[in-house]
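Database features (Swiss-Prot):
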- Ser23, Tyr144, Asp243: substrate binding site (BINDING)
- 203-204, 230-242: ATP binding site (BINDING)
Amino acid sequence: MSSSELIAELERERDRRVLSIQSHVVHGYAGNKCSVFPLQLHGFEVDFINSVQFSNHAGNIEYLTLPTRYEHVKGQKLTEKELEELYEGLTLNNINNYTHVLTGYCGNVTFLQKIADVVKDLKKKNGNTTFVCDPVMGDNGRYYTPKELMPVYRDLIIPLADVLTPNAFELGELTGSPIETEEDCLRAVNELHAKGVKTVVVTSGVTGAQTNESLRCYASVKGSHVYRFTFPRLVGQFVGTGDTFTSLLVVWLDELNGDVSEAVKRVLASMQCLIRKTSSYAQLQVDTNSRAMCELRLIQSRKDLLWPPTCDQIQVEKIGQ
């Protein structure tokens with residue numbers, strides 16, 4: 001990318017505004033702290049509501065000999081009444097005008113139910129509003145949110161969603177069957193299409209389709225094509241990668257007019273660079289007992305987030321109509 005191309009991209013005006021309802025951390029990266037910056041970098045205006053505000057994230061990592069979690073987490077959780085009041089203020093001032101709604105971590109049932117009300121109202125006001133939902137519930141066979149969220153996602157949220165980005169565990173919970181193979185995955189994706197979701201991206205976790213060297217994700221557009229993406233498995237698991245992935249997906253689906261194959265490929269290219277940079281930085285640190293050194297190197301990866309590099313290691317295959 002030349003300097004002139006970079007400047008032109010940074011100066012480009014985009015008539016896009018996202019309402020992002022996710023978690024927030026003061027230190028480090030998770031939820032809105034991961035999602036807002038990539039969107040703004042690409043010229044999207046972002047209004048964000050923090051479902052929770054914590055001192056730091058509470059997630060697990062797997063890297064080097066580091067402690068898997070921060071020892072302490074402090075903060076507050078937004079209630080459904082407080083969400084209602086915030087949205088009421090936007091509505092009364094007639095500033096609830098959004099091209100996209102993005103949702104991620106939600107800590108309780110009534111808050112998620114209120115999100116459904118907000119999305120319904122926004123879609124009633126503007127039928128072209130795109131709702132992108134990451135149905136955050138758990139991973140690797142276990143929940144890290146209340147299980148009671150699942151039926152709310154299944155019955156209230158999914159029928160409203162235009163784009164859904166579950167991992168394999170979440171996909172299985174939403175459709176009632178475990179996802180172990182590619183065939184399981186594609187069957188479950190079709191069930192989500194039948195419920196009205198136009199685009200489904202299964203971000204990770206289809207164990208039968210993975211190897212020690214590579215991972216896979218899948219993307220499907222209702223009534224169109226299904227794609228398989230194979231890419232290198234990098235060392236380490238870092239908190240916030242899913243939130244970053246989904247925000248970049250918002251960008252590239254919009255930029256490429258819904259071309260999910262190219263959009264996901266660009267997202268994966270940026271994510272590979274981000275994870276490599278995070279991993280390299282962590283290995284160079286002297287204090288190997290510091291949990292904080294494995295926070296995503298999001299700011300330092302801004303060029304790769306803005307302009308995904310060509311990555312020959314990402315293989316894209318069309319596997320269905």
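Glycine too: its Cβ is placed from the backbone N, Cα and C atoms.
Taking the features listed in Swiss-Prot, we show where each one sits on the structure.
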residue : record                 : Cβ within 10 Å
Ser23   : substrate binding site : 27
Tyr144  : substrate binding site : 13
Thr203  : ATP binding site       : 27
Thr230  : ATP binding site       : 18
Pro232  : ATP binding site       : 14
Leu234  : ATP binding site       : 15
Phe238  : ATP binding site       : 21
Gly240  : ATP binding site       : 23
Gly242  : ATP binding site       : 23
Asp243  : substrate binding site : 27
Between Ser23 (substrate binding site) and Gly240 (ATP binding site): CA-CA distance (Å):
11
Can you grab the distance from Thr203 (ATP binding site) over to Tyr144 (substrate binding site)? Cα atoms, rounded to a whole Å.
17
Relative to the Cβ position of Gly236 (ATP binding site), how many further Cβ atoms are located within 10 Å?
17
Measuring Cα to Cα across Ser23, Tyr144, Asp243, which the record gives as the substrate binders, how far apart are the two most distant ones in Å?
15
Substrate site, defined by Ser23, Tyr144, Asp243: further same-chain residues with Cβ within 8 Å of the Cβ centre:
Gln22, Ala30, Gly31, His57, Gly59, Gly104, Tyr105, Val136, Val239, Gly240, Gly242
Could you say whether, by DSSP, Gly240 (ATP binding site) belongs to a helix, a strand or a coil region?
coil
Measure from the CA atom of Tyr144 (substrate binding site) to the CA atom of Thr230 (ATP binding site) and give the result in Å, rounded to a whole number.
27
To the nearest whole angstrom, state the Cα distance for the pair Asp243 (substrate binding site) and Pro232 (ATP binding site).
20
Nearest of the binding-site residues (Pro232, Leu234, Gly236, Phe238, Gly242) to Ser23 (substrate binding site), judged by Cα-Cα distance:
Gly242
Looking at the binding-site residues listed here (Pro232, Leu234, Gly236), whose Cα lies nearest to that of Tyr144 (substrate binding site)?
Gly236
